[in-house]
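A quick write-up on the structure given underneath.
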Amino acid sequence: MLTGNEIREKFIEFFMQKQHKHFESASLIPDDPTLLLTVAGMVPFKPYFLGQKEAPCPRVTTYQKCIRTNDLENVGRTARHHTFFEMLGNFSFGNYFKKEAIKWSWEFVTEVLKINKDKLWVTVFTTDDEAEKIWIEECNFPKERIVRMGESENWWSAGPTGSCGPCSEIHVDLGIQYGGDENSKIGDEGTDNRFIEIWNLVFTEWNRMEDGSLEPLPKKNIDTGAGLERIAAVVQGKTNNFETDLLFPILEEAGKITGSQYGKNPETNFSLKVITDHARAVTFLVNDGVIPSNEGRGYILRRILRRAVRHGRLLGYKDLFMYKMVDKVVEKFEIAYPDLRKNVENIRKIVKIEEEKFSNTLDQGIQLVNQEIDNLLTNGKNKLDGEISFKLYDTYGFPYELTEEIAEERGVIVLREEFEAKMEEQKEKARSAREVVMEKGQDSFIEEFYDKYGVTEFTGYEKTEDEGKLLSLREAKDRKYLLIFDKTPFYAESGGQVGDQGKIYSDNFAGKVLDVQKQKDIFIHTVKLEKGMPEENKTYKLEVDVVKRLDTAKNHTATHLLHKALREIVGTHVQQAGSLVDSEKLRFDFSHYEALTEEQLSKIEDIVNKKIREGIEVVVSHHSIEEAKKLGAMMLFGDKYGDVVRVVDVHGFSTELCGGTHIDNIGKIGLFKITSEGGIAAGVRRIEAKTGYGAYLVEKEEADILKNIEQKLKATNSNLVEKVEKNLETLKDTEKELEILKQKLALFETKAAISGMEEIGGVKVLIAAFKDKSTEDLRTMIDTIKDNNEKAIIVLASTQDKLAFAVGVTKTLTDKIKAGDLVKKLAEITGGKGGGRPDFAQAGGKDEGKLLDAFKEVREIIEAKLV
């Protein structure tokens with residue numbers, strides 16, 4: 001019996017013997033900006049199939065890690081649904097075609113995997129006579145086990161137009177015990193669990209035109225995908241993927257941690273399978289650099305992880321456990337994916353932090369969902385308002401899918417449309433709140449300008465002064481104008497770097513450039529007029545503020561050094577999440593799960609400053625995207641790059657794709673100083689820093705503060721720490737003494753209060769106000785008085801910071817008078833709110849002027865109850 005690892009190895013070996021080149025699995029974060037995650041084995045090769053790029057070699061084979069969450073709710077319920085899965089694939093880019101693809105798949109399935117030929121079935125596209133003929137003549141496959149299927153099952157296309165073609169699928173018949181009878185075939189009703197697809201062969205041979213007609217492609221391609229989990233189940237004689245050697249050790253670990261037994265009942269099986277699948281998905285996602293967040297791929301990770309945590313609760317396990325599952329996943333998959341072992345500690349940390357966050361709100365979220373469902377069912381309804389599911393998501397971080405799953409378990413429908421409407425409403429508010437850079441109607445103007453003149457020629461990499469012909473002049477606000485020239489040395493804001501500033505002038509005109517933006521590579525200069533009025537079709541001198549440009553360039557190059565240093569000290573999971581570079585400072589947002597320590601920040605500063613002192617040359621070059629990748633250039637996932645990219649290289653340290661302006665030698669940065677580090681969103685941190693003279697000023701300010709402290713403490717630099725520690729120790733002793741005095745004073749005041757208590761109906765009553773008591777002080781007084789009196793009612797107020805009340809009633813009297821009732825009356829009269837238990841309650845008030853009225857009314861209530 002072959003193991004999962006052996007199946008992988010044999011697949012790659014088989015196709016390498018057929019002259020295929022083995023490509024390592026690509027990241028789950030694809031280069032394709034249209035995709036959040038790698039969802040199929042062909043995703044890394046999409047540009048070659050679409051003809052956007054030339055393939056590096058004609059034949060390729062891979063095992064590719066993939067993630068799909070479109071049917072997340074089915075994961076755990078069925079034997080074969082997964083979020084994470086592996087696709088074995090062989091690909092041809094204009095090389096071999098149907099005959100070889102079919103013959104080799106048959107050879108591998110029957111001779112290498114040794115699957116019983118009599119159990120195999122094949123599907124082909126309705127009109128694909130060629131594929132059927134190859135199966136029959138080349139593989140000696142029986143025609144009666146070939147089923148022709150329509151476009152929805154056996155046709156692949158990249159979209160409504162473009163590359164497309166028929167498919168042929170290999171299925172395994174598990175037997176009539178899984179549906180149908182001896183005459184059943186693929187596609188018959190009730191046979192979904194009987195005929196299991198294990199391999200899909202896609203023959204990309206057509207180009208669909210706008211009118212729907214098909215034209216033959218000049219180069220025909222092969223794209224195949226075989227699900228490793230399904231193949232392992234068939235080869236190992238399992239009807240459930242979770243019982244294969246790929247997943248069962250992880251499932252056993254889930255049972256061991258949660259104290260649950262697989263096979264005990266369907267509910268336990270369901271939850272254990274969810275945890276097993278999701279532990280694998282979470283481990284691989286975090287390993288590839290995904291951080292939990294509320295959007296994009298980070299939200300997909302969060303949904304998967306939180307669903308698993310909930311299923312731990314369903315098994316009765318309330319402690320953290322998902323981070324512990326990481327070890328078993330790594331142990332199982334590190335042979336095929338060795339980087340898992342290198343990153344295991346980082347993965348555990350990120351998973352644990354996210355699990356801790358959610359555990360704090362999970363029970364509350366589940367309780368709220370169930371309360372809402374109880375209310376519905378009590379009133380004979382079964383539809384949950386979308387506003388409720390949105391509130392759970394927005395306020396408590398409770399994923400919509402969990403609300404939906406809990407509701408479904410109780411027979412309630414969640415109104416998804418209402419939830420999505422609330423989400424869209426929130427997004428619209430966010431969109432409206434953003435600053436609009438271009439005025440209304442500007443977009444259509446840009447389109448017209450582009451059609452007429454094309455793009456602006458940018459000369460700013462080579463020079464900071466140039467002449468440009470004014471092609472367009474549009475009035476903005478406050479004597480500002482938007483100017484577009486045929487060419488410009490002014491850098492337009494992009495890639496986090498702000499636009500250049502400077503001046504534009506001629507003999508009879510002068511204007512100050514405040515900002516430069518671009519749309520469709522058309523550079524739009526925002527100019528404040530200082531003299532005269534510019535005219536279209538005239539040539540003007542364009543001059544960049546070189547001091548600001550140089551300072552901005554220093555900060556931009558320093559940002560690259562910071563990025564690299566972060567990855568060295570914090571971990572390679574660090575990815576850029578945003579940046580801002582101007583002449584005064586730099587700001588860098590990055591993916592990370594916790595605050596950086598002072599030690600880490602110090603090391604990062606040291607690395608950057610050490611590099612600056614080395615005075616390394618900064619080299620800018622242009623390469624194809626493939627060449628840039630070979631150079632190890634860092635690039636932003638999700639960004640769309642052209643065929644030729646600009647590479648900024650600090651030799652031996654940092655290599656990044658970047659379109660910004662940089663200094664030619666990092667020694668010119670002078671000094672690098674981090675000024676702040678903090679969180680800006682879940683899983684995203686921000687560092688702000690200064691360079692050069694700005695960094696010197698920060699250092700000087702800190703030195704001046706230190707000098708001032710030394711003078712005040714009469715200390716020197718060498719004994720300052722010792723002096724501060726001594727003063728802190730003295731302060732601590734003084735605070736202890738003060739606390740003892742306060743306790744003595746409180747005891748004295750309490751005794752005085754007790755001696756002054758009046759008696760109403762045989763009950764000791766104290767109603768008093770204090771100016772310098774905290775709510776905790778009031779509570780202590782009440783407890784002391786109650787301890788010394790069998791029957792007592794204490795009503796206290798404090799006006800220390802704001803009006804506050806505390807009321808105590810001995811338990812011998814709570815059947816007659818409740819502290820909560822008295823405190824509510826006090827709060828009501830003074831315009832506040834409060835409540836509590838029958839024996840103790842607290843409240844806040846707003847109107848101190850009503851305090852005596854409140855005391856008077858409470859006294860009357862007490863007298864009425866006791867006399």
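Residue numbers in this text run from 1 along the chain shown.
Just so you know, glycine gets a Cβ as well, placed from its N, Cα and C.
In Swiss-Prot this protein carries:
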BINDING   His556, His560, Cys658, His662  Zn(2+) binding site
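Everything Swiss-Prot records as a feature, shown here on the structure.
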{"residue": "His556", "record": "Zn(2+) binding site", "Cβ neighbours (10 Å)": "24"}
{"residue": "His560", "record": "Zn(2+) binding site", "Cβ neighbours (10 Å)": "24"}
{"residue": "Cys658", "record": "Zn(2+) binding site", "Cβ neighbours (10 Å)": "24"}
{"residue": "His662", "record": "Zn(2+) binding site", "Cβ neighbours (10 Å)": "23"}
When DSSP states are folded down to helix, strand and coil, where does His556 (Zn(2+) binding site) land? helix
If you take the centroid of the Cβ atoms of His556, His560, Cys658, His662, the listed Zn(2+) site, which other residues of that chain have their Cβ within 8 Å of it? Ala553, Thr557, Thr559, Val618, Val648, Glu656, Gly660, Thr661
Structural state of His662 (Zn(2+) binding site), classified by DSSP into three states: coil
